[in-house]
Amino acid sequence: MAQETNQTPGPMLCSTGCGFYGNPRTNGMCSVCYKEHLQRQQNSGRMSPMGTASGSNSPTSDSASVQRADTSLNNCEGAAGSTSEKSRNVPVAALPVTQQMTEMSISREDKITTPKTEVSEPVVTQPSPSVSQPSTSQSEEKAPELPKPKKNRCFMCRKKVGLTGFDCRCGNLFCGLHRYSDKHNCPYDYKAEAAAKIRKENPVVVAEKIQRI
């Protein structure tokens, strides 16, 4: 019995076609189909050769057969779980391949859509013919003339006064003798200026008219 339980048969599908793995000890059927088969035989009163042999054996043989059925059921469930995990892992393994294909297609589209950059050719500029420069004499003529320093002289006697000269309102410079208006016949009208200044400082005040009621 110990040798039989230690031997693990190769995986094989159930003979009834349910999709689970069968066991040669249960006539090539899975544990569920085998239990249904035994129930049918008990109901119909027909016992298979394996069923009669199991019935003639002691209660210990019945418990051993039940344990075998349970182990076969566990093996079938483990095999089914492994197949489901493999089927789930297949799209996960194939996922990087699809990503690579999509990336390759995107890169090809980018290469097609991106325009070719035009290579800018170096522009060669030819030196323009040298223009004849004007002579130094013309440049000197065009240069602005520096203002001559004004000599401080009296407008009447042409005496050098320097910084001691007097500016008159007529716009001329005079010495100490000719600084007065009666000495150099000043054309400036002092009377008109004084009258305008007086009118500005002393405006005419007119009382408001009385309105009759």
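For all residues, glycine too, the Cβ spot is worked out from N, Cα and C.
According to DSSP, CYS14 (Zn(2+) 1 binding site) sits in a coil region rather than a helix or strand. According to Swiss-Prot, the Zn(2+) 1 binding site annotation covers CYS14, CYS18, CYS30, CYS33, on the basis of sequence analysis.
Residues or ranges marked as Zn(2+) 2 binding site by Swiss-Prot: CYS154, CYS157, CYS175, HIS178. Under 8 Å, Cβ to Cβ, and six or more positions away along its own chain, CYS154 (Zn(2+) 2 binding site) finds VAL161, GLY165, LEU173, PHE174, CYS175, HIS178. Under DSSP, CYS154 (Zn(2+) 2 binding site) is assigned to coil, being neither helix nor strand in the three-state scheme.
Swiss-Prot lists CYS168, CYS170, HIS184, CYS186 with the feature Zn(2+) 3 binding site, giving sequence analysis as the kind of evidence. Residue density at HIS184 (Zn(2+) 3 binding site): 19 other Cβ atoms are found within 10 A of its Cβ, drawing on all protein chains shown. In the three-state DSSP scheme, HIS184 (Zn(2+) 3 binding site) falls into the coil class.
Here Swiss-Prot flags 40-75 as compositional bias 'Polar residues'.
For 120-138, the entry in Swiss-Prot reads compositional bias 'Low complexity'.
Under the heading compositional bias 'Basic and acidic residues', Swiss-Prot lists 139-148.
Residues or ranges marked as region 'Disordered' in Swiss-Prot: 39-149.
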Determine which residues of this chain, when CYS154, CYS157, CYS175, HIS178 are set aside, have a Cβ within 8 Å of the centroid of the Zn(2+) 2 site's Cβ atoms, and list them as they appear in the sequence.
ARG153, PHE155, MET156, ARG158, LYS159, VAL161, PHE174, GLY176, LEU177, ARG179, HIS184
Which whole-number value in Å describes the distance between the Cα atoms of CYS33 (Zn(2+) 1 binding site) and CYS168 (Zn(2+) 3 binding site)?
141
Considering Cα atoms only, can you say which of CYS157, CYS168, HIS184, CYS186 is the nearest neighbour of CYS18 (Zn(2+) 1 binding site) among these binding-site residues?
CYS168
If you count Cβ atoms within 10 Å of the Cβ of CYS14 (Zn(2+) 1 binding site), leaving out that atom itself, what do you get?
21
Using the CB centroid of CYS14, CYS18, CYS30, CYS33 as the Zn(2+) 1 site centre, which other residues of the same chain sit with their CB within 8 A?
SER15, THR16, GLY17, GLY19, PHE20, GLY22, MET29, SER31, VAL32, TYR34
